[in-house]
Amino acid sequence: MYSAPSACTCLCLHFLLLCFQVQVLAAEENVDFRIHVENQTRARDDVSRKQLRLYQLYSRTSGKHIQVLGRRISARGEDGDKYAQLLVETDTFGSQVRIKGKETEFYLCMNRKGKLVGKPDGTSKECVFIEKVLENNYTALMSAKYSGWYVGFTKKGRPRKGPKTRENQQDVHFMKRYPKGQAELQKPFKYTTVTKRSRRIRPTHPG
């Protein structure tokens, strides 16, 4: 004879089913959130206020700084070199940036062949890079248009083509540095201590 399941067994089954559904929903939310963040990082943001910063990018391999020499790009600039001073504009909600040489006003770009070039107009997506902060505290710059292609240089400061670069290569690792004599001009954020307003006591007048 088939015996009906007890009330306790039914409750246990319902509980297990509920736990399973919660885990599935949580997994879906995590995936959706990761996709949302990735999409926002790659998308243009015309709402947020753009930030413009001035600094140099020190190449780990060449031991020098990236230079924007008009249409030519190299990593042979000394500390404080006028062609190594870069204006970096934060472009999106995520970490997309446009990099312009302060002296030449040409933008650092990567063309469809993976070659680093300077362009006077930086509106093209070829001139947008995704900034990645690595575990070793270096920064890597991946092309926003050509995913997986990075800004990189040889030991002699010559540009590497995008298809030959990888995130874990030292050739694509850079360190942000303020131009010589400019570090002291960068003011840190100041926090203001807010005290509670004391209650104003009105003077009493004799009746």
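Any Cβ shown, glycine's included, is placed from N, Cα and C.
Feature annotations, reproduced from Swiss-Prot:
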type: SIGNAL; residues: 1-27; note: signal peptide
type: CARBOHYD; residues: Asn39; note: N-linked glycosylation site
type: DISULFID; residues: Cys109-Cys127; note: disulfide bond
type: CARBOHYD; residues: Asn137; note: N-linked glycosylation site
C-beta crowding around Cys127 (disulfide bond), within 10 angstroms: 24
In three-state DSSP terms, Asn137 (N-linked glycosylation site) is classed as coil
